[in-house]
Structures are given as structure tokens and as C-alpha cells.
Amino acid sequence: MTARADGKSSTVFVVIGYALCSSLLAVINKYAITDFPYPGLLTALQYATSVAGVVVAGRAGWVYHDPLVWDTVKKFLPAAMVFYLAIFTNTNLLKHANVDTFIVFRSSTPIIVALADTLFRKQPWPSQYTFGALLVILGGAVGYVMTDSTFSVTAYSWAAAYLVVITTEMVYIKHMVTNLGLNTWGFVYYNNLLSLIIAPFFFMITGEYSDFYQASSEKFLHTSAIISVSLSCLFGLAISFFGFAARRAISATAFTVTGVVNKLLTVVINVLIWDKHASNSGLVCLMFTIIGGVLYQQSTTVSKPNPPASSQESTKDVEAAREAVETDDQDEGIPLVKPARRDSRFPPCHVEICLLRSTRVCLGIVE
């Protein structure tokens with residue numbers, strides 16, 4: 001009974017931690033980019049925090065991450081470039097638009113992924129159920145754009161760029177990276193370290209360094225900016241831990257439900273704290289987009305018969321892309337990777353033991 005109670009307590013802890021981090025992160029990032037309008041530098045600080053967190057935790061023996069290997073770096077570099085572009089376009093989108101616009105475009109990715117699979121990867125057209133879910137998403141997204149009183153070409157240009165980059169990552173990059181054999185924290189380490197190395201080039205190319213240099217001559221780092229940037233960096237690191245822990249502690253269905261609740265919490269929090277949100281009609285369209293995403297997830301997770309041996313290879317690729325669409329956390333710092341075998345030099349810590357005990361229990365729901 002004690003072990004079971006400890007397991008349930010750990011599950012509750014990681015689920016609440018993940019829900020808080022996930023629902024607050026987009027709002028905090030909007031807060032940070034409003035007070036500190038330098039997307040390139042902000043993302044670089046976030047990468048540096050994540051790298052430092054993984055290194056410190058690794059040195060302390062709390063986690064194990066794969067060491068840097070040049071061959072792996074070369075193979076991982078294209079993925080890191082796409083990851084950096086996803087975060088960079090995401091941050092610029094939040095700079096020029098509200099959080100609701102970001103959620104709408106993030107929820108619209110299944111449409112582009114389905115089209116890309118069919119047109120470029122020669123996969124079958126979606127089923128009627130899936131197609132209906134995509135139409136709901138499309139209707140909600142179009143309705144949101146039509147009712148957006150703050151519409152601007154700049155904001156929607158960044159939104160379109162973000163949609164293209166994140167779809168490319170989902171369709172082509174993610175399943176390639178999973179074959180490198182990195183463990184979860186190794187993935188975080190490689191992703192953030194390589195992105196940190198890439199960051200200065202974009203800082204120079206975009207001309208952001210000039211704006212920052214001019215502003216640095218004044219007292220631009222006020223207390224609010226320091227707090228918001230610090231919170232953004234800390235929450236970005238925290239969601240990596242809680243996201244991985246939640247995936248291990250609860251079922252896939254429960255994790256999906258938690259993700260949907262997190263989106264709704266983000267919308268509610270964003271409406272309550274300031275006026276940087278959509279109109280009432282825009283919020284209704286946003287709800288339709290989220291509902292369409294739920295229907296899409298249900299349509300792609302129903303049980304399917306085993307495919308013929310000749311088609312298993314392509315089916316695995318399609319499933320990898322679909323799993324990527326069903327995960328809304330990559331742009332929040334949670335990569336989707338298959339856990340690698342644990343290094344025997346690093347025994348599981350107490351928290352991980354509790355999580356392993358609780359994998360059969362999700363707040364009273366048995367997997």
C-alpha cells in the first residue's frame with residue numbers, strides 16, 4: 001500500500017508540474033518577448049539554461065545524457081537547425097501576435113502533415129473520420145483569421161513560416177533523429193547545445209545585434225524583463241523534466257487529455273491576465289480548432305490491423321510522423337524520442353523508481 005501510495009503521489013506531482021509548465025510556458029514566453037524584444041538572444045538564453053541544467057544534473061548523477069560524439073553531431077546537425085528555426089519562428093510569432101494565434105497555428109499542423117504525407121510521401125489519403133477532423137481544424141483556423149481584429153501581414157508571415165518549419169520537422173526530421181540511439185536527455189543535450197552554437201549566426205544575420213547594441217546604451221534591462229526572461233528559461237528546462245516524467249508515469253491517452261487541458265488552461269490564463277488575446281468570436285473558433293485536434297488524435301490512435309511485411313517500413317515512417325503531430329510539446333522543449341537503454345553506471349534515483357512503480361496507475365486509471 002505504501003509503495004502504491006508513493007507511486008500515485010509521484011504521478012500527481014509530475015502531472016501537476018507538467019500541466020503548470022505547459023499551460024504557462026506560452027504565456028510566459030509572450031510576457032518575456034514583450035519585455036525583452038530580442039527573439040534570437042532570448043532563445044539563446046533558453047538553450048544555454050537547458051544545456052547547463054542537463055550538464056549539472058548529469059554531473060550530479062541525477063540523469064544520464066549521451067556524450068558528444070562528432071559523428072553523431074554531424075548526423076544531428078540538420079535536425080538541430082530545423083529545431084532552431086522552429087523555436088525562432090515561434091518566438092517571432094509570439095512577438096508579433098497573441099498567444100491564441102500561436103495555438104491556432106500550432107493546432108493546424110495536422111492539415112499540412114496529412115497533405116505532405118499524401119502528396120510527397122505517396123501515402124494514402126486520410127480516412128473519412130480523420131478527414132472530418134481536419135475539416136473541423138481548418139474551419140476553426142479560417143474562422144479565427146477572419147475574426148482577428150489585430151491581423152497583420154508580419155504576424156501571419158511568421159505564423160506561416162512557423163507552420164512550414166514545424167511540419168517539416170514532424171514529417172521528415174523527427175523519425176530520422178530517433179534512429180540515432182540517443183537517450184532522452186542526450187537528445188535534449190544535443191538539441192540545445194547545437195542550437196546554442198547556431199544562435200549567434202541568426203543574431204547577426206537578422207540585424208538583431210544592432211538593435212540590442214543600441215538599446216544596451218540605455219537602461220533596458222528593467223526588473224520586469226529580468227523576471228520574465230528568467231521564468232522563460234527556467235520553465236523551458238522544467239517542462240523537459242516534467243514532460244518526460246509524465247510520459248513515463250501516465251498512459252498515452254491520459255497524456256493526450258492532459259495536453260488538451262493544458263491548451264484550455266493557456267487560453268483561460270491568457271484571457272484573465274491581460275488584453276493580449278483574441279475576441280470572443282476568435283476564442284470560439286480557437287475552441288473548434290482544439291476540438292478538431294482532439295478528434296484527429298482519436299482518429300489516428302484507433303487500433304489498426306498489422307500491415308503486410310512489404311509495407312511495414314513505410315508504415316513505421318507514417319506512424320512516426322503521426323506521433324509527432326499528436327505531441328504538442330516539441331516547441332516547448334519536449335522532444336519525442338524513444339528511450340534508450342539506461343547506462344548501468346547510473347542506477348535509477350528515488351524519483352524514477354516511484355515513476356516506474358506508477359506507470360500502471362494514472363490517477364486511478366489503469367493502463
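Heads up, the Cβ atoms here are built off N, Cα and C, so glycines get one too.
Per TrEMBL, the features are:
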TRANSMEM  12-32  transmembrane segment
DOMAIN    20-296  domain 'Sugar phosphate transporter'
TRANSMEM  44-64  transmembrane segment
TRANSMEM  76-95  transmembrane segment
TRANSMEM  129-147  transmembrane segment
TRANSMEM  153-173  transmembrane segment
TRANSMEM  185-205  transmembrane segment
TRANSMEM  225-245  transmembrane segment
TRANSMEM  252-273  transmembrane segment
TRANSMEM  279-296  transmembrane segment
REGION    302-339  region 'Disordered'
COMPBIAS  314-325  compositional bias 'Basic and acidic residues'
Q | Contact yes or no, the transmembrane segment (279-296) and the transmembrane segment (129-147), 3+ Cβ pairs under 8 Å, gap 6+ | A | yes
**Q.** Selection from 12-32, 129-147, 153-173, 185-205, the stretch that has most Cβ pairs under 8 A to the transmembrane segment (225-245)
**A.** 12-32
Q. Would the transmembrane segment (153-173) and the transmembrane segment (76-95) count as touching if the test is at least 3 Cβ pairs under 8 Å, pairs 6 or more apart?
A. yes
